[in-house]
Structure formats: C-alpha cells, structure tokens
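Q: Copied straight from TrEMBL:
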| type | residues | note |
| --- | --- | --- |
| DOMAIN | 1-142 | domain 'Peptidase S54 rhomboid' |
| TRANSMEM | 7-24 | transmembrane segment |
| TRANSMEM | 30-47 | transmembrane segment |
| TRANSMEM | 54-77 | transmembrane segment |
| TRANSMEM | 97-118 | transmembrane segment |
Amino acid sequence: MFIHNGYVHLAFNCLLQVVLGLLLEIVHKFWRVGLVYLLGVIAGSLAHSVSDPFVLLAGASGGCYALIGAHLATVIMNWDIMQEGWLKDPLNFISSGVVRLILIILLGGGDTGLAIYARLKNPDERTRVGFSAHFGGFIAGY
C-alpha cells in the first residue's frame, strides 16, 4: 500500500483515491469508504498471494479497485435518480449514470489492461508486478 512501481503508478493510485473517494464520501460516511478501501487492500493482497505468489506486489490497487467497485455499485443502485433530467442540463449530463459508467469502464479497464500487458510483456522475473490484486479489490468493493 505504501510502495509503488514508479511515479506514474503512484499518481494514478492517488488520482483514483481522491476522485472516487471524495465522490463516495459525499454520499456515504468517510469511515465506510475507508473501511471499503482497507478491505479492498486486504482482499487484493489475498487474491494476489493465492493466484501469483512468486511475483511482487506493489501499490494500492486493491484499495483503488475496491473504490471503483463501490462506485459501480452506487451507480447501479441509484441509476434511476442519476438519469433524471440529464438531457436538459449539461451539469446533470456530466453526473449522469451513463457518463460515470463509461468513466469507470475506461479507468478500470484501461489500468487493468496496462497492468496485464506489463505483467506478460516483462521477461525479467525479478521486476514483474502482479495484477490479480485489481480483481480482488474490485470484488471486495462491489
């Protein structure tokens, strides 16, 4: 959670934590979001140690993906409310469920795809980093 694989990895994790964490804290209490994040870190670590035990684990991706999963669950549960008046007002369009769903798919899918590509592309056993923590964290958050 405190060690990252470079500045880009650290910046992306911080961006996800701030953006998704703040959006979830507006609706839910801060301690609930913190608990989801912490459980995502633990679930991501467990998923990684079960599926890929001989590969390094770095970053806070399990917690970030728990926030992505929780945000996806919030969008699905509040879909009708988020869709009200989104065609009439541009600000409602930005916060609509469709836009949030697209952003979740792009951010989560893009980062997971890059992690899988970097994991499979890197031939050096000592510098490979696992990606299964993404899935474990997402499942814990959802």
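Positions of Cβ are set from backbone N, Cα and C atoms, glycine also.
Because the structure is a prediction, the values reported are computed rather than measured.
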Q: So which residues does the transmembrane segment (54-77) touch in its own chain, when a touch means Cβ under 8 Å and the partner is 6 or more beyond its ends?
A: 1, 3-5, 9-10, 13, 16-17, 20-21, 23-24, 27, 33, 36-45, 47-48, 97, 100-101, 104, 107-108, 111, 115, 119, 125, 127-131, 133-142
Q: Give, as a single whole number between 0 and 100, the mean pLDDT over the domain 'Peptidase S54 rhomboid' (1-142).
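A: When the pLDDT values over the domain 'Peptidase S54 rhomboid' (1-142) are averaged, the result is 84.
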Q: Take the transmembrane segment (97-118) and find every residue of the same chain, 6 or more past its ends, with a Cβ under 8 Å from one of its Cβ atoms.
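A: Contacts with the transmembrane segment (97-118): 12, 16, 61, 65, 68, 71-72, 75, 78-79, 82-83, 86, 129, 131, 134-135, 138.
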Q: What are the DSSP helix/strand/coil residue counts across the domain 'Peptidase S54 rhomboid' (1-142)?
A: 104 helix, 2 strand, 36 coil
